[in-house]
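Asker: Here it is: the structure, laid out below.
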Amino acid sequence: MPSLFSSDFLTQEQLQNLKYYKYAAVDKSFTTKYILRHYWNAAIELFPMWMAPNLITLIGLLFMIVNVILAVVFNPDMDGDGPRWMYFSFAAGLWLYSTFDNVDGKQARRTGTSSPLGELFDHAIDALNCSMAAVLQASGIGVGHSGAAVALYAIAMLGFYLSTAEEYHTGVLYLGYINAPTEGVILACLLFILSGIYGPSVHAQSLSYYIPQLNMCLPSSIATLSVAHALIGFVGLMALFTHVPVCFYAMYKACRKNNNPFIRTMLVENIPITVYMISFLSWVLSPYSTILSHHHFILYAVTTGIVFGRIASKIILAHLTKSPFPRFTVLMIPLIAGAVLTNLPRLNGIEPIFTPESEFLYLCGFFVFSLVVYLRWAVLVVNSFCAYLGINCLTIPKRKSL
């Protein structure tokens, strides 16, 4: 049985299993099939042959990082009316991220540099992007540092996690007829553009404001929902009743095929993500936490997003190296500790551990710790892949770029 915190170093056996690598993906989206596929085929021609696929992926993430910084600088409350150009920048950044994310694989095939490192690098960047996309969406539709922003984050994380766990069991990355990387990105970009034209307050109006007839056919509690909250609720329900059962059914079939007990497998493997989500929610939603009231959710989301990135990336790494499903990561320790310390006052007679200032300082330390540990792990893994496969990560040898 693997230890609770497995080594960051890959064994020779794990590296040797890379020879069995074969990328498999299914995308059922009609939008991809009839529209975006042609757009991506045209876009790839804009990239020079010397540009490494992983460099394209990394540049795509930089678009998101820049926009998160813009949100911090120009709309730190996430509910105010930021400069209109910022929302257009959100839309452009997300669209460019999606474009770069979809052409990197084409660049790999075009330059003959496809490798298991490419899949790991791509999925690891996608995992890190989840928290940034949630932050930009919360800022873009003006829900502020609120439970709605927390819900956006949770939906994004759980959706990505289930797809990643499904790929581990089935060996295939499956994207449905309507999926987040395609239709979800288009919807988010359209919402950003609306905010750029009319301001984020356009999403604060109730459903009945735009469609008065809803007052007659829907309960007032639904008809008076803001567009932003209605959209979040709709996306959450769609994920719950479509994405979740599809993923679990695929994993059920995979477990049955491999003669693994489905319920026991799911219970054991999903302990880490369950602990992660409980810790994440119990900390930020605690009445003794000031993360939301003092507008620190962006820092909290990005920090816990790094933790999630490590969790999801280790699953992909296990898939590529034919290793057991990963257990806990050391990055979860400060998250669990933060959740426990924040909620200790719920016990009778215990004074709050954190003041607003000390909680913020703890969060800053958590961010630095997570970033350093994650980058160290990433460098170790990438270097191991490159050394074993005889490739470079961010450059293409001259003979292959010709």
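Glycine is no exception: its Cβ is also placed from the backbone N, Cα and C atoms.
So TrEMBL says this about it:
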TRANSMEM  55-73  transmembrane segment
TRANSMEM  85-100  transmembrane segment
TRANSMEM  141-162  transmembrane segment
TRANSMEM  174-198  transmembrane segment
TRANSMEM  218-241  transmembrane segment
TRANSMEM  262-285  transmembrane segment
TRANSMEM  297-317  transmembrane segment
TRANSMEM  329-348  transmembrane segment
TRANSMEM  360-391  transmembrane segment
Asker: Is the count of Cβ pairs under 8 Å between the transmembrane segment (218-241) and the transmembrane segment (141-162), pairs 6 or more apart in sequence, 3 or more?
Answerer: yes
Asker: Cβ under 8 Å to the transmembrane segment (329-348), counting only same-chain residues 6 or more beyond its ends: which ones?
Answerer: 5, 272, 275-276, 278-280, 282-283, 286, 288-289, 304, 306-307, 310-311, 314, 354, 359, 362-363, 365-366, 369-370, 373-374
Asker: With pairs restricted to those 6 or more apart in sequence, evaluate whether the transmembrane segment (85-100) and the transmembrane segment (297-317) have 3+ C-beta pairs under 8 Å.
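Answerer: Judged by the Cβ rule, the two regions do not touch, with the required three close pairs absent.
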Asker: How about the transmembrane segment (262-285) with the transmembrane segment (55-73) - do they touch, taking at least 3 C-beta pairs under 8 Å (6 or more apart in sequence) as contact?
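Answerer: Result for the transmembrane segment (262-285) with the transmembrane segment (55-73) is no.
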